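Colleague: Annotations for this protein, taken from TrEMBL, read as follows:
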BINDING   GLY29, GLY30, ASN31, GLY32, GLN33, GLY34, LYS35, THR36  ATP binding site
DOMAIN    1-344  domain 'RecF/RecN/SMC N-terminal'
Amino acid sequence: MLKTLSIRNFRNLDISDLQLGSGVTIVVGGNGQGKTNLIEAVYLLSYGKPFHGTRSEAINWNESNAEIFGETSKGSIRIFLYREGETKIIINNKTKPATYLLGRLATVLFHPGEIELIGGPPAARRVWLDKLIATINRGYLFNLINYNKTLINRNKLLKISGGNATEEQLETWDRLLAKYGIKLWQEREKEISSLNRILNKISKGTIGKNARIEYTVPINLESEGLSKKEFLRALKNKRGVERRLIMTTFGPHRDDLKLVVEEELGQSILEKDLGPFGSRAEKRQAIILLNLAQAQLFSRIFGEPPVILLDDVTSELDEKNRGLLLTHISARQILITTTSLDLLTAEFKKRARVLNMVDGKIIEP
């Protein structure tokens, strides 16, 4: 839970000691007033970086640094962003690396651009999944970082040698790639299984259909020894292709996820892949379901609900999906931005505190 928030020089924001209690806080303002910036500042306290643009771009144009401070149920978080130099993160008055932020202030973000998660490129879905798992398992982040370093070095070897790298050189990186790649696949499979159990309950209770994430690992994960052999064999089988393409073509970095829903067609039940075949409304609905499942997973892992961040999503949703979202949000704390209170249900507004955002400042009504 986020108790207080202070922001200096983060984009256009100037907020001092904003008290945030449990329940719903609605921030109302016109376009360009700083509503999304506020959501992004809270998100930054969770992950150490903004959800769009670079850290440098997040600093007010005529300032050299920005500061965000939050007092949470687990202590204080203070982040300094510098136009030149590394971001400084202070947790409970001690400087820490960014990895220590993960899970300290758990948040689930809903924003209009997320629709690309369903129909966009596979990389977006991998980033979403990696961020989710790293939030609840810091060891996963360690393995992901090491896998990516190994992948970069292996690709460099392929490029520098012009496709003529020796077997001995490649096998050194193959073994490391297999070591970390298998661990990533094991955790991805485990957490997707957890998400699917939650999705099954949520989707049947909301849209009346079973929705699930479809994810396939290309090797057998039951035995570590067998997994390693299969991983190394797959890399060896792709030697010719990789030498021509000068890139690694097998591993978790090539993963993709699909969100499928069951559709009745006569007496049959077919699975519909929402990526290529879902309507825009269905994709928005799918994003809601994924984020609700993520929120429930975080609640179970951390013992308290995450902070729900809703960035002007009500303007992007039809009435049915707005109702689905607002009815099924279950959290101790919700921060929502909107251009108009008319887009929110009466029941939702009844239990909310309303603030106005004007030119980067919060104004009590």
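Quick reminder: no glycine exception, Cβ is built from N, Cα and C everywhere.
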Colleague: If you count other Cβ atoms within 10 Å of each one's Cβ, which of the binding-site residues GLY29, GLY32 has the most?
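Modeller: Max Cβ neighbours within 10 Å, all protein chains included: GLY29.
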Colleague: With a 10 Å radius around each C-beta, find which of these binding-site residues (GLY30, GLY34) has the fewest other C-beta atoms nearby.
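Modeller: Each of the binding-site residues GLY30, GLY34 was scored; lowest Cβ tally within 10 Å is GLY30.
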Colleague: Does THR36 (ATP binding site) have same-chain partners at least 6 apart in sequence with Cβ under 8 Å from its own Cβ, and which are they?
Modeller: HIS111, ASP311, ASP312, THR337
Colleague: Relative to the Cβ position of GLN33 (ATP binding site), how many further Cβ atoms are located within 10 Å?
Modeller: 20
Colleague: Starting from each candidate's C-beta and looking 10 angstroms out, tell me which of the binding-site residues ASN31, LYS35 has the most other C-beta atoms.
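Modeller: The residue with the most neighbouring Cβ atoms within 10 Å is LYS35.
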Colleague: Starting from the Cβ centroid of GLY29, GLY30, ASN31, GLY32, GLN33, GLY34, LYS35, THR36, the recorded ATP site, name every other residue in that chain with its Cβ within 8 Å, sequence order please.
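Modeller: Other same-chain residues near the ATP site: ASN37, THR337, THR339, MET357.
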Colleague: Could you find out if DSSP has THR36 (ATP binding site) as helix, strand or coil?
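Modeller: Reduced to three states, the DSSP call for THR36 (ATP binding site) is helix.
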